[in-house]
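Presented below is the structure to which this report refers.
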Amino acid sequence: MAVRATLTQSSPPGAMDENELAKTAVEFAEQSEKLSLLPLEQGNHDAIAVEAQFVTPHDTVIVTADGHRLPTVPVQEAHKLNVLREELETQLEPTHHHTIQSPTEEKAIALSQQQNGTSPNKRSTDASLKRSMPPSHTNPLFPPLPLYGPPSLMTHIQCLIFRLTSFFLSLGFLAVIVLGALFTSIGPSVQHLWRLVTLRNPDAFSRPFYKEETRRAEIRKRQEEAWLSGHRPSGKTPYPPTEGGPDPLVCDPAYYARRVGLDIEPFEVQTEDGFLIDLWHVYDPKEHTPLPACERAHRGPETFTPPRKPPSSPAKFPVLLIHGLLQSSGAYCVNDDDSLAFLLAKAGYDVWLGNNRCGFTPKHTLLKYADPRMWAWNIRQMGVFDLPALISRVCYETGFSKIGLICHSQGTTQALVALAKEQRPDLGDRITVFCGLAPAAYAGPLIGKMYFKFMRVISPEFFRVFFGIHAFIPFMMEMHRRLNGRVYGWLGYKVFGFLFGWGDERWDRGLRDRMFRFAPVFVSSESMRWWLGRECFARHKCILSTKEEWRAEEREDGEVGEEGVLGEVDRDMADGGGGGRERKKGRRRKGSTAWYDERAPPFALWVAGDDDLVDGERLLRRFERGREPHVEVVHQKVIPGYEHLDVIWAMDAPEQVFREVKEVLWKTCDVRDVCRVPTGCEDVPAWKPKKKEATGDEGNEEEEEEELQSSSSEDLSR
């Protein structure tokens, strides 16, 4: 307050520069403190915010004085910090003598000089760019996240209130879901008992792979007994297991890798906003020696640095797998040799399993679990920060400039968001092919269920009261840790099956409890609000187009005579009225609303035919109707009878999905001459991309808009 009073007093003309400097210093100090890890008065100046870096025009990270990172903040706040920083550096000329009026001003000026070695004699080279960058408008699909300042007594009290209210309210919500799942299972249970009473095998009626399932169960039993009796597999086996016996149901993908003769080494990766996430490398112990722990630690927040070393020929082509909502990448490791991760590894690929922020153990370079900034993220940050960090680390470790990317469910959403031309389209230059399993771009009918509708109708404020501003229903993780694996597996299947509308008819039921060892993981309440709240996905039912936009596109598609039905425009033309002008009336050029530009990698999509959670067929129609002229779909398949998780867990998934994934990865590989040919891909020809024709859409949006308005005016005059 003393500083503010001093600045408002009248000053002699010679002191005007000093007053301006002091005013700017105070404003910068206040804005810096607003975005810092700790308040200035606590004396930890290394954790003070000194700069905002724009990773994309809409996504920022805060850099502290010691080079650490803090998560994204609203763009206007980040822009203000950079403008004040530039103004302060501009005023700090070497010949400019000034009087420091308070310790706060002195700290602020010193802090502005610390980042990247900036001195009073040197302005940041990109300062003018930072100043000219305007604040972003609010995207209706990605509204700004709440801003939480450094901790104080008041924020501690507020967070405690949120944690208490959300604990009881969300626990009540979870109890209702559990009771609903148990209640809806009464009917099938009664039917199951009736078939038993009438001496019929109930599984033979409902399980399409019952005989194969029974055969596998018998084989596993014999193998477990042999292991316990000391009869281990012969050393002549290509992949001799180093673990065996009855499954203890542990939450460790490396254990399940060792059961099939492979192993996993864990890496830690830092994102550009400071989160530490897990990356697992699947390897053959006969061919690879794990790196020392120090070399597997995180390497800082910078992405796409020069590789550790170039790949040695013949190398294994690297592939990164990303998991779905509430899962970890352990979901790719639960079906023994039929697991996608292990099948690709044994075929000759270098397999890496990526996990998202927080996972089983929330970690950040600066933030702690109780800090709400630890949880201020949603699908946008998972795509813009997590995915590039994981791809960057795989490229660094393997020496390849491009890798294959396989995603399931929410993982596909991350990739689709990250590759969009408004986000990080340059990431497409690092991917040879994007393989999407059950791609989640459009909502399925399940989004209209009562329990999801409840989350959509409540306001964002009440959503935070109900589900908190930290982790989403953390009690689920407590149950995961404490309950017996078989009890939790049964309960988890009932609850998640009830919520997401799938069953286990196509899975190997003997492995089902193992499948739920890797779910759920920690996710933020903000991310669930993005999926299910009233503002974002649940409202628009699409990840990159608003409800109004994609419905307008569907109306346009309905006008072109699909399936022989003439629309209004076509009927006018058939009657001889309107001519060529009428075809343009009310329509945009195909591709004018494209999500992706020429940097998009080729896509390969596998859609579950009976998936009620997402609508993959609508995404396929988007590509078929030419709305993405820069995307080449090298493979697409709709699998009848498949549900959302069947694409990774069904007993016939190796034939229906995995074999084709393996071939697509090799077909699109850009360095086949230096890579080992995967088993079964010897006859797969190399893919040759089509020449992308100019769409003529660039720069024509204003012309199209004028044309549409002109047409509308003519219609009104008529």
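Cβ coordinates come from backbone N, Cα and C, glycine included.
Caution: TrEMBL annotation is automatic and unverified by curators.
Annotation source TrEMBL lists compositional bias 'Polar residues' at 111-122.
Per TrEMBL, region 'Disordered' is recorded for 111-142 (among others).
Beyond the ends of the transmembrane segment (160-186), by six or more residues, the same chain brings 372, 451, 464-470, 472-473, 475-476, 491, 494-495, 497-499, 525 to within a C-beta distance below 8 angstroms of the stretch. Annotated transmembrane segment per TrEMBL: 160-186, in sequence order.
What TrEMBL lists as region 'Disordered' is 222-244 (among others). Long-range Cβ contacts of the region 'Disordered' (222-244) within its own chain (Cβ-Cβ under 8 Å, at least 6 residues beyond either end) map to 255, 258-263, 284-285, 346.
In the predicted model, residues of the domain 'Partial AB-hydrolase lipase' (254-335) average a pLDDT of 96. If you look up TrEMBL, you'll see 254-335 marked as domain 'Partial AB-hydrolase lipase'.
Summarising the annotation, TrEMBL assigns region 'Disordered' to 569-588 (among others).
Annotated region 'Disordered' per TrEMBL: 681-718 (among others), in sequence order.
What TrEMBL lists as compositional bias 'Acidic residues' is 696-708.
Annotated compositional bias 'Low complexity' per TrEMBL: 709-718, in sequence order.
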